[in-house]
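Participant: Questions regarding the structure given below will be posed in turn.
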Amino acid sequence: MDQKANDDMRINGRRARILTENIHSVKQRIEKVADGRKVRLIAVSKLKPANDILFLHDSPHRHRDFGENYAQELTEKAALLPPTIQWHMIGALQTNKCKPLAEQVANLYCVSSVDTVKKADALEKGRAVLAGRLGEEGEGARLRVLVQVNTSGEEEKSGVQPGEAVGLCRHVREKCPHLVLAGLMTIGALARSREASAGEGVNEDFVVLRETRDRVAEELKVEKGELELSMGMSSDFEGAIGLGSDEVRVGTTIFGERPARKDAKIKDDGTEEEEEEEK
């Protein structure tokens, strides 16, 4: 990314201070409960401009992991921003969008929402094309994937049922050579999250995901530590870490409230913020 492009996406001082304070606070909270474990923080940047992402990725923050919910938005931002960013596709992904995403975004680090064999196969095809295009460098193009588990049993939630996770995980490991089974992910019930955050017991969704991971590891004869747990968001990430989460997805606590999708900008020209700063 050249200096001019970097300068074009500079954010104003007020926004810079807000982002700096927010991400520093979140990282402190993670360290406090992680008890020495390394926990990956995915800064969920959906519907936020590339300007914010670039600020947090540049020095002195050097944050690498950013999550998006929409394939098109991720693809457009990836084309604007440095290849050193590790992109995470964390939202529900339609099968027909899997292959293009895996093929077009070389620095797509992980797809966290794999819940069908068809999606896994489509991601495999896309990554195989990318690897072929890269030649010898393609050896490092394997894509991490997480199997999404519907731990709450809610009909509107994506994810395989806990009892079906072993079969999908086995398929990824045995039939998808350009994918890496990195672990399991859940987005639990909001009510359970609120209860646990209020101190009313542990979040049952997190317990179910951990038990499912342990069962998958036993069935596939791999160490539990080879399969990460991805659980916890802005409202409950500390409780998730306490129950063993290896990565958390935090959005509004870092970036603030999101605009409506129709009002979101891939790149902010800064006009409104500059006017506000001058007042």
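Cβ from N, Cα, C; glycine included.
Annotation source TrEMBL lists compositional bias 'Basic and acidic residues' at 259-269. If you look up TrEMBL, you'll see 270-279 marked as compositional bias 'Acidic residues'. As annotated by TrEMBL, domain 'Alanine racemase N-terminal' applies to 20-259. Positions annotated as region 'Disordered' by TrEMBL: 259-279.
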Participant: Under the DSSP assignment, what numbers of helix, strand and coil residues are found in the compositional bias 'Basic and acidic residues' (259-269)?
Facilitator: 3 helix, 0 strand, 8 coil
Participant: When the pLDDT values for the domain 'Alanine racemase N-terminal' (20-259) are averaged, what is the result?
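Facilitator: Across the residues of the domain 'Alanine racemase N-terminal' (20-259) the model's pLDDT averages 94 on the 0 to 100 scale.
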